[in-house]
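Asker: First the structure, then my questions, so here it is.
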Amino acid sequence: SFLLLITLSNEGTKILSDERKPVALLCIGCSLITSSVLVLQKSVWKACYKSSKMPAKSTVAILFFEFVVSLGAAILTIVAMPHLDIVTNVTILNGVAILSALLQVISQHTAQERNRFLVPSIGAFILVLLGYILFLVLYIMKDPADSRMMTWVGLAVGGSFLVSLTWWENYLRLISENSSSIFLKRLSMDIRRSQNILHILSSLLRIAVTACVLGAYVPLNKMDWDVVRFIPRRETTIIGIIIGVQLISSALCHWFSLVACKMHAIRRCFILPLYLASLAVMALLVIPVIVYYQDYKTSLNGTSINFTSYCDVVVDGRSGNLNASVFSNLVLDTMNPNLVPLVEVFSNPEPHRFSGSAFSWWLGFVLATVHLWNLGLNRIQRTQDLFIRRLYEGGLIEQSLLLNTRFDIQTSKKPLDPVKVFLCATMWHETYDEMMKIIISLFRMDKYRPKKEGQTTDVTFEGHIYFDDAFSNVPGSQGRHVNKYAEMMVDIIREVYRYETHRVPDGLTDTETPYGGRLDKLLIRHKKRWSQVWTNSNSNNFIKPSWCGTRERNTNKDKRTSNRLAYTRKKHNTYILALDGDTDFQPASVMLLIDRLKRYPLVGAACGRIHPTGSGPMVWYQKFEYAVGHWLHKTAEHVYGCVLCSPGCFSLFRASALMDDNVMKKYTVKASKPAHHIQYNQGEDRWLCTLMLKQGWRVEYNAASDAYTNAPEEFKEFYNQRRRWGPSTMANIIDLLGSTTLISKRNPSMSKPYMFYQLFSMASSILSPSTVVLMIAGCLTLLLDIHPNAALVIAVIPPVIFLGISFKIKSDTQIQIAAVMSIIYGFLMMIAAMVIVGNMVKEQTILTPSSLFIISLACFYLVTALMHPQEVSLIVFGLLYIVCIPSAYLLLTIYSMVNMNNVSWGTRETTPPAGATQQAATSPQSQADKGKALKPLDCMQKRNSLSQHQQSFTGESVPLISRTSTSWSPTCTCCCASFSADAANSLCFLPQDEDQFFRELTATYLEPLPEDKKKQKQMADDLKELRNKITFVFFICNAFWLIATFILQLTQTSVFIQVPKIDINLQLTGEYIFIDPIGFMFILAFVMLVVVQFIAMLYHRIYTLIHFVAFLDTEPRTERHRQEVTKVNTAASLHDS
């Protein structure tokens, strides 16, 4: 399309008359500056969105290169190429690789290392230079007296040389790294630091230079710009289609090239198609010419005619009306008798000079980019690591994409940067089935163990399971014994291992520790937050090198620096996978999260798609609620900023982020104020993410990383869980909003616009009770056919009564009342929906506030579900979700606010969740039950050696509780179960330094909190006071919203917005619908929020697909692995049946 625009600007073409050539030249200029405009927009957005540094004065001087490049591009495409034939224009663009080839030679020579791409780079430079020589000889020898043509040829060669400077930055980095010049090193570093500002300045400069060249060339060539305002419709259509195709196809080509590289399809979907693009264009342009020429010769009935005569008769002899088809005229316009190479192709039987220059350019271009065939890429490679410049060159798209790819000197294969992942699961009174899930999931990770002895991989795993409260007092005993949950855990380990290896563990090892087996709440502070503190600190102990402490002072300065760099790198490459005791996941889900942390060094945590499991209406509701939360809310947070909560049931954390200043140290702070109990203890995972975001770390979401966890199946348990989550979420978001200025400066992903989005979402959440009340009032208005204000008063009475009595009755009674009201509200919602549909049919219109809301909401959720094909069936639960809106957004909100002072956990405190399978540790299972529970273990490879399996699974002994007949004392130590083939019920001790580390850790952070009844009473009173203040402000805001709506409806003034009424056939009825301003604001806000989240979802879905395809393409798929997958799927099917 770009070459067609150049052809239309040629003097010999007929589609556009000579006086209208400025139109085609203007389109060429638009094609050139479009990429600069896009770069300008992106750079301005990044400069506002992230912190940008101003370049040094010496660095600004590089804008001279941008000036030269833009000048060369404008001269080549606007001035020179319109006077050359279309085939020459195709081939000469490959000549822009000449300086890239020369810079490749220089950068490889300065490296002073052997490199196999040095010879191709030298050959590329020679071939491209030879192509220019043959090109000049062709035109000079054809007509030496044609000085005008010599001018165009000289400008074309000079312009292409200037354009070849475009990719200078690709080689400056390599030359500066291998050079002793301090100036080059500082220049390269400053360019990287201030690239946003430099891109803004260079984009403006390139737009200005292109505009100046275009504006000066038209009058100098005796053309008038006024013709641009008066263009016939036919020419306008032709030009519009061509320029539209050019702009859209160039942008899509760049994007798809980026996708191909990220998907690891660089050879078949990126390099090869771009190599063949020039040849394909030549074929598409020359073949129609040959066909038309042969058809004309056939029509002459044997009369001989050469190609030059054919062009004189047919091409120049066309009438000015051009009644033939556009395609025919475009083909004939390419047959200009003044276009030397094309004439030579058909006239001269041995066109050596033309074919020689074209072949030299193309082969030189191929050799200049042949290193890309061996370019090593990772999954979801960062764009800045793929391309040196942000976008593309509009005039030479395929050349710019290949030459813009980073040129890295590859002397040898780089060693793998090892990553260590600690899979840490915390347990608290899980049932047998829940424990079985986590153990099976951990055993699945054995897939990534090296298959051969001595073989290494870039990712190693180590599993740890931590119990929170695993001891109990036994009557008549002097010590504490492990409880039934810990015994059950050991039985499951034995059972899974026996099923895996067909062997029985030979024995257990008792290890004395200073922390009670990491289990005893009398020795270590219990509950979830302190379990996570223990997990992260324990992992730090494994990372800590042996030279830490006094030993480091005995080493020299260089050694200490080297040690510290190695320690920093080890922390950065150590990850902790936080798991709940009932989480079920596949190895692929873990690897997808690892990819995010490996590719992006600022990512401190990444979470996956959590799927609630269970049965019953409460679980059905949560399935759709979780789906909407992940489809829309989490994707919007990921795209526009950072995810605010990485759930503790399945999240991967970077050790260096957890060990950062003011993260783990502040995370270990004891709650000393009422607000601390709500923010710190009620939502520990969100609190941890808040600290990481404040320190500048990014938290991400990967939709392809699936994990399954049990959800509350009872109404009471669900309400108690959300009673913790609601106030904690509000407290952490308010904390972030209060630190907006600090966070936007420190965290490059958290901008002020994104914080405004969170403020808007927070305001919507606060006003959700009053919004639900207004929705209920609308339902009552439809059902009872009463005035809206009367319906509003009726709708307000039940929640106000529920709010008032909730301060006086127990929480269990509140839940019972809320359950009854939820049922009533559910029936009301269903009846109202049917009435709305009936009114739509009765009134023959869909343009009412209620019908618009229902239709738009249904369409929105339907389209969103269709964007997730694997989860589209969840849309069925959307009906239940809509029916439960009053319960979830009104009654649950009241319950959460009133019981904010209750800081107990609320779930699993005494008994397992209702409905879950319970099994005592000592009760035997039937053989059928064992097979049913262990069928997923078919995916694991069988091992012949017990010790081999231990090495493949953990690398060290897994911290588990063992069953034993001896009693335990708080001052004594307890044990870790360690599968060992040569140790049976033996006793061992921790190393001295490890023992000392845990004693200091426990003394500093994890000693059990002393019980002070007076302080507890005072804290309870303070919590109630805080509850009263927040509840008052919360519901006052909702009251203001309701009062404003009531007054506007009561006055019935002209303060309304008129909307034309249309029928079902979308025809105007002549009537109007009146919407009050507050209702209109609500609809407008809802639409804006939906659009913002929907755009983010589309963006996130595309890049999730890219990541998943790249993962499938790069993961090893041996025959053994395929058999394992088949067995797992078969076992799952049998289990479901």
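Using N, Cα and C of the backbone, Cβ positions are placed for all residues, glycine too.
Those TrEMBL annotations? Automatic predictions, nothing curated.
The shown structure was predicted, so the numbers you read here are calculated from the model rather than taken from an experiment.
As listed in TrEMBL for this protein:
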- 23-40: transmembrane segment (TRANSMEM)
- 60-80: transmembrane segment (TRANSMEM)
- 86-105: transmembrane segment (TRANSMEM)
- 117-140: transmembrane segment (TRANSMEM)
- 196-218: transmembrane segment (TRANSMEM)
- 270-293: transmembrane segment (TRANSMEM)
- 359-377: transmembrane segment (TRANSMEM)
- 725-743: transmembrane segment (TRANSMEM)
- 755-783: transmembrane segment (TRANSMEM)
- 874-898: transmembrane segment (TRANSMEM)
- 909-930: region 'Disordered' (REGION)
- 910-928: compositional bias 'Low complexity' (COMPBIAS)
- 1032-1052: transmembrane segment (TRANSMEM)
- 1072-1099: transmembrane segment (TRANSMEM)
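Explain the structural surroundings of these features, please.
Answerer: Packing against the transmembrane segment (117-140) from elsewhere in the chain are residues 88, 91-92, 94-95, 97-98, 101-102, 104-105, 108-109, 149-150, 153, 157, 340-341, 344, 353-354, 356-361, 363-368, 370-371, 409-410: each is 6 or more residues past its ends and has a CB under 8 Å from a CB in it.
Same-chain residues lying 6 or more positions outside the transmembrane segment (359-377) and placing a CB less than 8 Å from one of its CB atoms are 91-92, 94-95, 97-98, 100-101, 104, 117, 120-121, 123-128, 130-131, 134, 261, 264, 266-267, 270-271, 275, 278-279, 386, 399, 402-403, 405, 407-408, 410, 413-414.
Within the chain, the transmembrane segment (755-783) has long-range Cβ neighbours (under 8 A, six or more residues past its boundaries) at 636, 640-641, 644, 730, 733-734, 736-737, 740, 743-744, 791-792, 794-796, 799, 825, 828-829, 831-832, 835-836, 839, 849-850, 885-886, 889-890, 893-894, 1034-1035, 1037-1039, 1041-1042, 1045, 1079, 1082, 1085, 1089, 1092.
Within its own chain, the transmembrane segment (874-898) is flanked in space by residues 617, 620-621, 623-625, 627-628, 719, 722-723, 726-727, 768-769, 771-773, 775-776, 799, 802-803, 806-807, 811, 814-815, 818, 821-822, 825-826, 828-830, 833, 857, 861-862, 865, 1027, 1030-1031, 1034-1035, which lie at least six positions past its ends and keep a Cβ under 8 Å from the stretch.
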Asker: Any chance you could find the range in 60-80, 86-105, 196-218, 725-743, 1032-1052 with the most Cβ pairs under 8 Å to the transmembrane segment (23-40)?
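Answerer: Answer, by Cβ pair count: 196-218.
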Asker: Which one, 60-80, 86-105, 725-743, 1032-1052, has the most C-beta pairs under 8 Å toward the transmembrane segment (196-218)?
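Answerer: Top-ranked stretch among 60-80, 86-105, 725-743, 1032-1052: 60-80.
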Asker: The transmembrane segment (725-743): which same-chain residues, six or more beyond its ends, come within Cβ distance under 8 Å?
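Answerer: Long-range Cβ neighbours of the transmembrane segment (725-743): 644-645, 675, 678-679, 682-683, 686-687, 689-690, 693-694, 750, 752, 755, 758-759, 762, 765, 892-893, 896-897, 900, 1030.
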